[in-house]
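Participant: Below is one structure. I have some questions about it.
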Amino acid sequence: MIFPVARYALRWLRRPEDRAFSRAAMEMALRGVRKVLCVAEKNDAAKGIADLLSNGRMRRREGLSKFNKIYEFDYHLYGQNVTMVMTSVSGHLLAHDFQMQFRKWQSCNPLVLFEAEIEKYCPENFVDIKKTLERETRQCQALVIWTDCDREGENIGFEIIHVCKAVKPNLQVLRARFSEITPHAVRTACENLTEPDQRVSDAVDVRQELDLRIGAAFTRFQTLRLQRIFPEVLAEQLISYGSCQFPTLGFVVERFKAIQAFVPEIFHRIKVTHDHKDGIVEFNWKRHRLFNHTACLVLYQLCVEDPMATVVEVRSKPKSKWRPQALDTVELEKLASRKLRINAKETMRIAEKLYTQGYISYPRTETNIFPRDLNLTVLVEQQTPDPRWGAFAQSILERGGPTPRNGNKSDQAHPPIHPTKYTNNLQGDEQRLYEFIVRHFLACCSQDAQGQETTVEIDIAQERFVAHGLMILARNYLDVYPYDHWSDKILPVYEQGSHFQPSTVEMVDGETSPPKLLTEADLIALMEKHGIGTDATHAEHIETIKARMYVGLTPDKRFLPGHLGMGLVEGYDSMGYEMSKPDLRAELEADLKLICDGKKDKFVVLRQQVQKYKQVFIEAVAKAKKLDEALAQYFGNGTELAQQEDIYPAMPEPIRKCPQCNKDMVLKTKKNGGFYLSCMGFPECRSAVWLPDSVLEASRDSSVCPVCQPHPVYRLKLKFKRGSLPPTMPLEFVCCIGGCDDTLREILDLRFSGGPPRASQPSGRLQANQSLNRMDNSQHPQPADSRQTGSSKALAQTLPPPTAAGESNSVTCNCGQEAVLLTVRKEGPNRGRQFFKCNGGSCNFFLWADSPNPGAGGPPALAYRPLGASLGCPPGPGIHLGGFGNPGDGSGSGTSCLCSQPSVTRTVQKDGPNKGRQFHTCAKPREQQCGFFQWVDENTAPGTSGAPSWTGDRGRTLESEARSKRPRASSSDMGSTAKKPRKCSLCHQPGHTRPFCPQNR
């Protein structure tokens, strides 16, 4: 199922400011509710929540997806005894993508992607989950969203809401808000249901759409171009771009270039040591260092000449080592990388698993402040049984309880990461990460380490030197937190004013060192500082630049940019656009926050950001050679390209608006070289106008038809095959196919298809006329002198008159060529019968040889009947049936049409074999006709209406096709014996068949 993004809204939802419901309101809202559908973000979460709410008495059954089970249990919800049906999705249920015609890389110029329509659809691997939700929704009266309470979780919740409300629009929707899967948390969530927050979901929609547009446009631009320029190196390489990827890569490149540009400098310093009976003490120069050798040498010589040291000051003061702050996501990623050597992606994967198992709180949080209503004492008590840290947990309780060190950040959604349940059954990295979270939590709730710092300052030849010592008095949190180190450094006792002879006074040289390459923790810190990504996406962006080979890792796990990464950053920087800098993306992240807060409109942010990146893209394409030059430094000289068009598909130029969906129709080329107009809404809209195969060249002219609506409808330049047009007509001319010129439509034999082909659906030839006329007639009047304009009017005036019957025995097909005479060889009632067919197979012309010959004037009148009627569908408004003249006023002599109304009788006025022949048709206006047609002179039982005989897929009628399958009566029999009327197999009434039965509509 496809969901247009622009229409994705739930108007019944109240504003998030009023999202809390009173208990009385909830009891009223849920009155009469018997079954409640609950949907979590993952199966493990659904199982855990259901187990806690049901006290372990849930009933499990299978869903349509084998990975997402269904858990049922009885529950008392707001005064109602209800059955809770708990199931899950697997992350995002829907995905963003361009409409089908833009998905292939060669389908359009990448610039189009900034404006191309985007849709939300359900990926194939999630269809079973979607069907499960639809099936369960039909049995339920309310829906409760149990997805994670962050931006992504809120958006996933709205995807679930969209799917469920499509099945049951009046479904009540509620939101459960929780931060951990514990009995208290989930029951509290059930007792305080709120409504989903549309604004938070909107922010995610904006971010997803921008990431798709920007990423797809730049990725296609880079990949298509650089693969052509450097085929030997990049032929198989996907060169992706992302507005978070590139700033992340930029940090790595910037540090690497800083190291490359670093010039070491020699410095000099004076070092003093004193060999005391209690140990060797090193005194540091208060000047630290000097870069001037002579100056340092002079001071050193003064110290050597008078080396006696005088103690000028002895200070002693308390020193504390702070315990860690409450743990948020970014700190978890950084500390796990530094202390445990687990990368950020793996850290978050393990943390998610521990969360769904109920061992820790929600791991994606920006909060480092414990809320006052969170019972920390209970959480500390849970850890007392452990032999490793249980005694420390007990000591916290004995000293008056936990006193956490809080930070200053809160996302108002989740508390800091903390353990929620004790376990000793974990293994490997899961056990290591769980232990780290527990120890961090206990350390945070403990006390700072305490010590006494002593500072001794001495004077030698008026130069000052300092030594520091430390005595730890209370380790406190250090006893449970081995990831921090704080050691004693003993200083001997010195008295102020005392003198001593230093053991050594020496001048030592050193050299400044460059900064180190970034570690993952360093990179995450930079991303957070500059607002690149969120705590939930940092790891993903880092993994992407590694997977694309933009960066690699050194043996000590530091990031080193690759040649491709360096070339891309340098190339864009040389264009004047610092796309590797964080400013553009940081601005977007700030806007997304404002959308969540209701301070900015999502559409305004979307429009501004698209235009900003689109302008950058246009100029980047114009300066693309700078990108080539930057990469050539690493890959060697590449292939020269003459023009941009050698790489990117041309921008499709719209000819007119589609009469079905109002999207642009563009000129395209068929595989065999022919031309047609295709709707940009394909495949949802399959409208197309097929030009005949005799058209050798077709292109859009700059002129616009002044008549056809809606404006603009561009004219076409056409060049025809020699001999395909009457001799009096030019082979090249400019014309309008917007529907204003009936004669031109007949000359071009325009064919229009409005839907997907079916096996039983014949291909008609005048549906172009049907659609074009509808557009033409319904939107502007057609004065008699304006129907033919410009060159098409001149063409119409030079048309030869129709050939009189008997002047030639040749039969002409719809292409204007002489048809070929063939004989039926297949076994059956028509074996041996001869028929005419298109010689080239280009058109669908077909005519039995023993049928009346229409002559060279064109194909038989029946061949002009519309496609829709062959399936029982009424022709569209404005349809002109070829060969039919003006409507007559006669009644149908008792014959009824498909509307069960009396038909009218009309007469064929157009020259041809059927001129003067009468027929019955629907009496309603052309726009409302049911499609009924019957010749008056056909032998039909009085008072009955025959089934319509619309053209089949090869020019013969369905009625004659049905007759050909039965034994054929002799001509005398057919002339003297009335046919038995056929009956419908559905209602058993004569006059029509099942496809045309009113009961089958």
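Any Cβ shown, glycine's included, is placed from N, Cα and C.
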Participant: Taking 737-773, 774-810 as the choices, which stretch does Swiss-Prot tie to region 'Disordered'?
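Facilitator: Of 737-773, 774-810, Swiss-Prot gives region 'Disordered' for 774-810.
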Participant: Between 123-165, 854-896, 897-939, I'd like to know which one Swiss-Prot lists as zinc finger.
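Facilitator: The range carrying the zinc finger annotation in Swiss-Prot is 897-939.
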Participant: Please identify the range among 53-92, 413-452, 813-852 that Swiss-Prot labels zinc finger.
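Facilitator: Result: 813-852 is the stretch Swiss-Prot calls zinc finger.
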Participant: Measure from the Cβ of CYS897 (Zn(2+) 2 binding site) and count the other Cβ atoms within 10 Å, all protein chains considered.
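Facilitator: A 10 Å sphere around the Cβ of CYS897 (Zn(2+) 2 binding site) contains 25 other Cβ atoms.
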Participant: Near the Cβ of CYS922 (Zn(2+) 2 binding site), how many other Cβ atoms are there if near means within 10 Å?
Facilitator: 24
Participant: Could you break down the residues of the domain 'Toprim' (35-179) into DSSP helix, strand and coil, giving a count for each?
Facilitator: 50 helix, 43 strand, 52 coil
